[in-house]
Ligand SMILES: Nc1ncnc2c1ncn2[C@@H]1O[C@H](COP(=O)(O)OP(=O)(O)OP(=O)(O)O)[C@@H](O)[C@H]1O
Ligand SMILES: [Mg+2]
């Protein structure tokens, strides 16, 4: 697309964590993502917004190579993490995913105990030497995901027995327990009540101190509340990307404008 | 905007007639629908009843015909083990005692029978030499074995539990009648007079036939001694081989195909072929086993090891199909979750996917094994025919290679033999086999219950 107008973001981004250039994704013959170029800053929250089916999740999955698991998906273009190409032949996607954690759109806890759900990542990455350390990691992760109070008395009961919103928070706890550098969150608050949502937003804000966070959301208010940068996707294009305040108060593209004012979606 | 206003009042769409109807009365459409449903239920119930009727008929006739094999007539016989006949030099050396063949015991048994009959007081027109038709032709061999095992018995009068012949057994069980003996060379009605007297005296009675379950096959002349025990051991060893090979191979192949292999023409071809293999007649596997394992690889004939190998080929497709289906049933989101926290593909499979697939794999394995347990045709081709099962294997490892048969082949062998007493054993063998299959299927159900899906 030639008429795609991007912010002159080079001036505003200080420290780039992830740099994507001309990313295209095809699912078989369907062209799901078209020439997306974006720089995601470190210690910032970046929000992806856009109507359903526009490619937000697809792009998110490119960032930790989860698309590798979809046989039909074909990714072209370049994505760099700290200046290193993540699609380089030498990159082991497993190692990459330990650095770039992910919370999925649908809560998907393991059918194991709450404790095991959170402890799994640290355990396979050898983050804890003793049981006490592991306990500590699990507790910290559950506290940050605002689930500790509800889960502390039932750590051994199955994670699948939690409510939908609790499951989503469990998945967040599981993702942050491995201490990733980038956290990709696909609609983490879609199943949460306002109180839990506020807690998660608080968590995201806190995570920003050390991580780079990318969040997909359908809630404009949420994007406005938690993010510093916002990217608007439409029909596989990245239509507009810039400071969140600018996007919401002064959108440059008419499509962005009509989306945030509720006319397309 | 040509659409009708969606949130307008109902009265805004007057063109759609809405018949006033009460929910208390059913209209014609609903009645027709309900009639169709009632008809369908009746069909279903009828089909079920027909099936049930045949099942009951089948089980009933199996039990009716087969229960007799679990009862056996026995007789007590006091035999005078004369030293002059068995051990003239008085050495009591088992090697010397073994020199007397079973014929050497014939006179002793005849004398014992004469005494027993005389004790009943029955007047009989039979010669002394005809009396041994009452007993199994294996009687002399049994007494000889007992004497060689315990030489101190020589010179004493010992009471033995001996087996009457299959005709006497049949008479006690009601299978043989005086009329049916009219054309029978093996036993005469006069013998039956003696049997009646022996029963009245308590010398001859019926008991549970443990040796049918534990014993070996016997020759055509001695149906009363035939048991399914050795064939059971053969089946057991084959199942060990089948389980030990087909489970690891099947599961490994399925995991590879389902989780790791690229989806291309080649794997499609493999997939189609596995499905086809499951439909290949079992006798084809039998002749393959004969050619490959026995003629080419030189493995022994009639060995449960070879039988197990052949049945492994037969079971593998079943296990692979079941395992792949249960792997596929694990939601992909579980794999994503594991990969998302940085697990490798193999960790995702072994830590999360496989545990969830275990119940399906176990059920498939048990059902595959149950199929293999009931398989007859391929065994006949590799020499595991029924009459081979006449000796216990020498040791635990020997069980894999010493010639043996399997339960279904033993049953087939008995069903082939002329003597109706063997026919009874065949039905009895089917009961034993069905008990095994029932237990295995029960296990499959329990496994499914125990590891019910948990997501
Ligand atoms: N596994 C897949 N195979 C084929 N097509 C896919 C696959 N996943 C997504 N798509 C297609 O790619 C396009 C983008 O999908 P994507 O899931 O990225 O949308 P999204 O922006 O996340 O939408 P939503 O807000 O509803 O989650 C859609 O048209 C979708 O149909
Ligand atoms: Mg999505």
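Quick reminder: no glycine exception, Cβ is built from N, Cα and C everywhere.
Note on TrEMBL: of B:213-235, B:305-327, B:374-396, the range annotated with the feature transmembrane segment is B:305-327. Taking TrEMBL as the reference, the stretch among B:185-207, B:277-299 described by the feature transmembrane segment is residues B:277-299.
Among the residue ranges B:404-425, B:426-447, the one that TrEMBL annotates as transmembrane segment is B:426-447. The stretch with the most CB contacts under 8 Å to the transmembrane segment (B:42-64), chosen from B:236-257, B:277-299, B:348-373, B:426-447, is B:426-447.
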